Amino acid sequence: MNIIKANVAAPDARVAITIARFNQFINDSLLDGAVDALTRIGQVKDDNITVVWVPGAYELPLATEALAKSGKYDAVVALGTVIRGGTAHFEYVAGGASNGLASVAQDSGVPVAFGVLTTESIEQAIERAGTKAGNKGAEAALTALEMINVLKAIKA
């Protein structure tokens, strides 16, 4: 039996981060966590990280697709926060972002890590952006690095 596993060290990786401006006070913490994980744990060089800001979570898939198709990046980390309100808007935005990002990864073959918080409240979002529940931006960054290495191992 062959087993493929990978670690998160990827010092030569080129990683793009797409990040939503809407709910920026939360997303800034996700970005800090992602960059810290990439550089400190993954050993990615700061010059090999590109950050692209978009208006909101719904716009993440299009920017992520452009980055994935550019051939310049080994992975893309998508960061944002969608907080449920009193209308169906949450479902449209969260579902559109989630489905769109999954499609980008499948269509491009470039790992896309999902670091979009979908929460019931601002408090839940804050907890997941570096307080009680860890930092989901950091987790997404590490997922991207691991997937870079998994795909390399599969192709080897």
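Start at 1 and count along the chain as shown; that gives each residue its number.
Each Cβ is built from the backbone N, Cα and C atoms, and glycine gets one as well.
According to Swiss-Prot, the protein has these features:
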- Phe22, Ala57, Tyr58, Glu59, Thr81, Val82, Ile83, Phe114: 5-amino-6-(D-ribitylamino)uracil binding site (BINDING)
- Gly86, Thr87, Arg128: (2S)-2-hydroxy-3-oxobutyl phosphate binding site (BINDING)
- His89: active site, proton donor (ACT_SITE)
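Annotation for the recorded positions His89, Arg128: lowest Cβ count within 10 Å of the residue's own Cβ, His89. The Cβ of Val82 (5-amino-6-(D-ribitylamino)uracil binding site) has 26 neighbouring Cβ atoms from other residues within 10 Å, across all protein chains displayed.
Largest Cα-Cα distance over the residues recorded as binding (2S)-2-hydroxy-3-oxobutyl phosphate, namely Gly86, Thr87, Arg128, equals 23 Å.
The binding residues for 5-amino-6-(D-ribitylamino)uracil are recorded as Phe22, Ala57, Tyr58, Glu59, Thr81, Val82, Ile83, Phe114; their greatest pairwise CA distance is 17 Å. Calculated from their C-alpha atoms, the gap between Gly86 ((2S)-2-hydroxy-3-oxobutyl phosphate binding site) and Phe114 (5-amino-6-(D-ribitylamino)uracil binding site) amounts to 24 Å. Least packed by the Cβ count within 10 Å, out of the binding-site residues Thr81, Thr87, is Thr87.
Checked against Phe22 (5-amino-6-(D-ribitylamino)uracil binding site) by C-alpha proximity, the recorded positions Thr87, His89, Arg128 yield His89 as the nearest.
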